[in-house]
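What follows is a short report on a single structure.
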Amino acid sequence: MEHEGYTLDGTVNLTGRPVLSSTTGKRKACIFILAYQAFERFAYFGVSANLVIYMTSELHKDLVSAVTSVNNWSGTAWITPIVGACIGDSYLGRFWTITFALLVYAIGMGLLVLTTSLKCFRPTWTDGIFKEASTIRLTFFYLSIYTIAIGSGVLKPNISTFGADQFDDFSPKEKVLKVSFFNWWSFVTACGTLTATLFVVYIQETFGWGLGYGISAIGFLVATVTFLMGVPIYRHKSRKGKSHPKEFFRVPVVAFRNRKLQLPSSPLELHECEMEHYIDSGRRQIYHTPRFRFLDKAAIKESRIDASNPPCTVTQVETNKLILGMLGIWLLIIIPSNFWAVEVTVFVKQGTTMERNLGQNFHIPAASLWSFVVVTILICLPIYDRYFVPFMRRRTGLPRGVKMLHRIAIGVAIQIMAAVVMYAVEIRRMKVIREKHITGAEEVVPMSIFWVLPQHVILGLANTFLMAGLLEFFYDQSPEEMKVLGTAFYTSTIAAGKYSNSLLVSMIDKFSRKVSGKSWLGNNLNDCHLDYYYALLFVISALNFAVFLWVQRGYIYKKENTTEVNVFEIVGAEQTEPQVGKA
């Protein structure tokens, strides 16, 4: 097939025919996918970046309720990727799952624009008193944003995995370019996010929420059209290797059934199929690893010989081991994911208490300061991709420069540094409050909002290592036929962070009210103890980081059989490795 110019990994076009390597996939296809991601993130963060302000100012929710509502909504947007992964891996495939989710997303955006634009849904005042939002208004509002969350959630794992599918793993040149793809994915995500937090947020607070959300809807329309323009040159994974959930759950059942059997002295004596079986089925053989040895009992040949209930293969067992290994890392990322919730909730409300004037006529929206997180990512990601990775590659010999979990560990360590800065700045703000005898919730603290700039910048640096590193790790370590589920691991860590932050905020609120009679996170941040919250976040993050370092030392990375690469004479395989970052 290679002499005919076809891809080596068995990818096909939308009709199921083999595709030519020269005319499909790679950079030309990823341009459409990356452009889609930039516009979609513009639309999504045009909705989410200022949502806590909308809830407190338009729906008149208290701070704890607003933070919890935003976190729960955002958590839904980041947990539904698991549903999207199951649909994409086992039923519809990546492309058709994306198409279905785009339709759901569009319905949600349309409902949100109507809910925030039509006069019958707007807040009303009677004799100078705000009239609470009607039940029908709240119903349509929550229906719209949760429809957006579902559509966005189903899209997330499929679209990023679909982008990575455009590179042939059996071509050394394209495999190197795939490493760069995840960095550029994070880069364009930051571009869309930055534009939304600077432009859309200002429109919402200055000219109206309906107009701001309408602009977000236009951004989503552009994203959809851009993605569909690339259909003729997209590569699609063959459906022969789709995931079977029953096969996955069968391994622990068989292992438990064989619990009294003795494992053979050599893993070579365990049951495994011939290489031709994996080539014909569109799957990849995974080598045996010594972790989770109990599961190896599912592959004991002597357990069951009859054709109706054969022993599991080593590859099937290793698939379960990979998922369990990723689950351990997933659990340790929940605490770091709390910072992503804090950035768009507590940081925004903290900023509203400070001086935000830039000149005489311009008032900085508090949510716009989050753009500095994004700007830092935009600056640091190209530096990481073009200079840091090649520099480290020459010293370590690793294609990525550093191990994936080492990259994640660096990001978590920087987050802990940010927590120290967050605490110090809040101590400073409280000192000014005491000196100026400020007590009212609406009083402005004579302290520039740019005091919170350093914590935004440091978290942006942390995200440079953490976000792309997590996405790459979960994609790379997942079995070939479960790539979308692997990407859903990444998105669900963010969801878990949102939900756990909601739980943490609620627990702090109840505990502090019981102990001192008032909440650390009350509606009046000028009479609260936000510093205690930041200190607690630092302590639990430091403890979690220590456990993460211990776990990552013993982590065993996936090893697949890629002998197919040696079967074909790959042109240019021995040439100098191309520079990363030009995808």
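Quick reminder: no glycine exception, Cβ is built from N, Cα and C everywhere.
According to TrEMBL, the feature transmembrane segment maps to 95-115, 135-155, 181-203, 209-234, 322-342, 362-384, 405-425, 456-475, 487-508, 532-551.
Long-range neighbours of the transmembrane segment (456-475) within the same chain, counting only residues 6 or more positions beyond its ends whose Cβ lies under 8 Å from a Cβ of the stretch, are 160-161, 164, 179, 182-183, 185-186, 326, 329-330, 333, 336, 339, 343, 347, 369-370, 372-377, 380-381, 384, 400, 404-405, 407-408, 410-412, 414-415, 417-418, 421, 483, 486-487, 489-490, 493. Here the transmembrane segment (362-384) lies next to the transmembrane segment (181-203) in space: the count of CB pairs under 8 Å, restricted to residues six or more apart, reaches at least 3. Comparison of 181-203, 405-425, 487-508 by number of C-beta pairs under 8 angstroms to the transmembrane segment (322-342) places 487-508 first. Between the transmembrane segment (135-155) and the transmembrane segment (95-115), the number of CB pairs under 8 angstroms, six or more residues apart, is three or more, so the stretches are in contact.
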